[in-house]
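*Asks:* My questions all concern the structure below.
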Amino acid sequence: IHLVLATQRPSVEVLTGLIKANITSRIAFQVASQVDSRTILDTGGAEHLLGRGDMLFLSAEATKPRRFQAALVLPKEIKRVVDYIQKTEKRSEVETEESLQESLKESPKAETEFLEFGESDEELYAEAKRVVIRARKASASLLQRRLKIGYARAARILDMLEERGVIGPGKGSKPRDVYLSEEGDEEELNNL
């Protein structure tokens, strides 16, 4: 995973210590003052850059920033490339809400298959119920890991568990409460 964060206002309110501690590789282009350079790189120098792609790069392995020259692509060149692509490429149809509705009308079975809770899902539901009761918590990621299923299916099973009174409502990113206990509901588990 590559994460790129950019700001036009290098202040300590924007580039907090937490961000700088977790993102150790940083690039600074020309800035107005040494204070801005210190905010980005923890050292001066970026205020002396020439602009037009001139930059300082600080990596986790380096003790001081290294100077690089990036490719500079002017807006005029970008426009020429976009114009060329528009002239040479065929336009593809963008699916609109209307076209999606039409395709669902043509194939209503696909929609109902997706929305219905089938027999195989009932078996999965029973296994999910065992998992959340034993774990004493319920979350989509727990069901995904334990049952080796995707997010959509795990979320659908969580909704069923909530509807049937096994778990409580969602609390943001925290796991849901489980209302049944393993000891008190051992016979309930065996009936699954």
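Here the Cβ of each residue, glycine as well, is placed from N, Cα and C on the backbone.
Positions annotated as domain 'FtsK gamma' by TrEMBL: 118-183. As annotated by TrEMBL, region 'Disordered' applies to 166-192. Annotation comment: TrEMBL describes 180-192 as compositional bias 'Acidic residues'.
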*Asks:* What mean pLDDT score does the domain 'FtsK gamma' (118-183) have in the model?
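*Replies:* It averages 86.
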*Asks:* Sort the residues of the domain 'FtsK gamma' (118-183) into helix, strand and coil with DSSP and give the three counts.
*Replies:* 38 helix, 6 strand, 22 coil
